[in-house]
Amino acid sequence: MMRLRGVVVATLVLLGAMLAFGADHALGQATLVATYAIAGLGLAVIVGQAGQIVLGQGALVAVGAYVEALLAQRGVPPFISIVLAMMAGCLAGACASLPARRLGGLYFGMSTLAFAMIVEEVLTRWESLTRGGAGLSVPALGWAGMEAVTPLAQFLISAAALVLALVLCRRLCAGRIGRAWRAVREDEVAAAEACGIDLVRAKLAAFAVGGALAGLAGALYAHWIGFISPEQFGLFFSFELLMLVFIGGARHLRGAVLGALVIVSLPQFITLLRDVLPGDWGRSAGVESVLFGLVIVLVVLLRPQGIAAKGRAG
Amino acid sequence: MPVQREAEGRERLSPQPLILATGRVGGGGCSSSEAANALSLPPMSSLIQVLSSGVAIGCVYGLVALSFVLIYKATEAVSFMQGELLMLGAFAAVALSFGLDWPLWLAALSAVGLLGLLGAGLERLVLRRAIGQPHLVAVLLTFGLGLMMRGAVTSVPAASHDMYRLPFADRVLEIGALALSLSHLQVIAATVLLAVLLTAFFRLTRAGLALRACSEDARMAALMGVPVASMHTLAWALGAALAAFAGMLLAPITFVHLNMGLIALKAFPAAVLGGMSSLPGALLAGIFLGVAEALAGYLLPEGFKDVVPYALLMLALLLFPAGMSGRAQVRR
């Protein structure tokens, strides 16, 4: 029932946006929403389900994007390269989760931040492979003469990937590993000592799933944007993803979709708002940051449980 | 990918001649003269110059880490806006000094004071709501506030276009063959002075004692009659003022510009290395990271310098999860 309503609402929003902004623009934005939602879903598994603080999810997305870009440039067919990008994300996630063997909470969060900084620095400095800050251009997603260049095709691919990811995460969360994650989230010591849950394995699994989804999102993102550079995946992107998960309500998987919708559409609203603002002030470059920060602060203050928290637990 | 890279880095760290043998260094490659330079033992005087600049920048890392730990201990809030506070403080000093023609010392002191007031005000208005919530709430709140500060400074055209230099005395002090930058010595002296003042505040004054009590155990402090809410305000005010002070110290080293707050990203490793719960630990860890970074910039090929703090943090977290001071709680 809930799922059906979600699909109906999503379709209505998409149709409304197509009427308002034109079909291609709306589909392009919807593609971005779906791609962000996949990355957000990965983070929601780690933060919302397993309860770990992650401050560097952007780095995992970057790994997926770079692997996909490098493979696509060399003509590797997408169904192989995307799987490899997901595996790279998964592996990077597992690396990032290594300190979680012995650390919890904030210390671990800081280690993910350090991990992200190292990845960003490597991407910037390894110029022979990544061309550093100059960035890489990514060919269109395509195989055997077919290329996903129209907004509709890109949207359909993203949406299909999102639905698959949602279904997979739902199944995982409903199963044994999902119960283990929630136990770790509520109380690490009690979960490990009283219930016989393997903490290391549970955290590793959460990061593997989160990293694979980040890799998938990164691979798709690289194709849709067509150009990647290290700073696209910096700290700001990591916080955007955190924000996305928080807005949607960290404990609800479907919140990731809602959060992605807000995060992607926010800049558009801010652009609209800037035109309304009086005088020169509205045109200066800093206003976007001010308004974006304001929205973050207001959402956190007014809806600390996230927007999706009103309904039943997902 | 990062793993392979780390392995390469470690290989390069050990014997220096290996670099010459492989002939390929760092991401972009490095000229043979640089490698030869790294090979020969550094002369004593230039080593001391590298160390002094490392200690100076480390003092700034340490002060920012100190402000971070001070806030974290007192309110359990993780502040991601210390860098923006630092930047705002430096710009406030620039505005007072150039805009209003105040003398430098007055402008700097007023800027630190103003930022303290701002910190207190933000605590009353916004950050108070984060108490008792998960860490993520404070992280996002402070990140949002930081974005707003950054955006506000960006929208002042004079701030976003130019770089400023506060007119601190900047001469080169020559002692024999040794040439030390006076600004580095100033930074070190100011940090020592501030550390003494802070110690006196925490040991000798009533408010300092109350703040310490509040950091140890807020509930017990409240039962003993400590006004915990005011202490939270005080902690944020102090934290903001300390960050602004670090901004003053950074101003003569780098210029005053929009991205100077990025230095706070290196203060996080310092805070964690110091154990997140010890103020002297944070300061010392900051200085340690500054020196390590300066040495890495001197001895290792270009590009490794910026990774050093994070690599050290990862290593420390993997090897000593209880923190360098050894007393910190592992799980928080």
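Count begins at 1; order follows the chain as displayed.
Glycine is no exception: its Cβ is also placed from the backbone N, Cα and C atoms.
Sequence annotations record features per position, and here TrEMBL assigns signal peptide to A:1-22.
Annotated transmembrane segment per TrEMBL: A:38-67 (among others), in sequence order.
The transmembrane segment annotation in TrEMBL covers A:79-100 (among others). Sequence-distant contacts of the transmembrane segment (A:79-100) (same chain, at least 6 residues past either end, Cβ-Cβ under 8 Å): 52, 54, 56, 59-61, 63-65, 67-68, 71-72, 107-108, 111-112, 115, 119, 143, 200, 203-204, 206-216, 218-220.
Residues annotated as transmembrane segment in TrEMBL: A:106-123 (among others).
Here TrEMBL flags A:152-169 (among others) as transmembrane segment.
The annotation transmembrane segment is assigned in TrEMBL to A:204-226 (among others).
If you look up TrEMBL, you'll see A:232-249 (among others) marked as transmembrane segment.
Sequence-distant contacts of the transmembrane segment (A:256-273) (same chain, at least 6 residues past either end, Cβ-Cβ under 8 Å): 6, 10, 13, 29, 32-34, 36-37, 40-41, 43-44, 162, 166, 240, 243-249, 287-288, 291-292, 295, 306-308. Here TrEMBL flags A:256-273 (among others) as transmembrane segment.
Per TrEMBL, the feature transmembrane segment maps to A:285-302 (among others).
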Dominant neighbour of the transmembrane segment (A:38-67) in A:106-123, A:152-169, A:232-249, A:285-302, by Cβ pairs under 8 Å: A:232-249
Same-chain residues at least 6 beyond the ends of the transmembrane segment (A:106-123) whose Cβ lies under 8 Å from its Cβ atoms: 52-59, 62-63, 66, 92, 95-96, 99-100, 130, 132, 230-231, 233-235, 238
Stretch among A:152-169, A:204-226, A:232-249 sharing the most Cβ pairs under 8 Å with the transmembrane segment (A:285-302): A:232-249
Same-chain residues near the transmembrane segment (A:152-169), Cβ under 8 Å, at least 6 residues beyond its ends: 27-28, 30-31, 34-35, 37-38, 41, 44-45, 141, 209, 213, 216, 220, 223-224, 253-254, 257
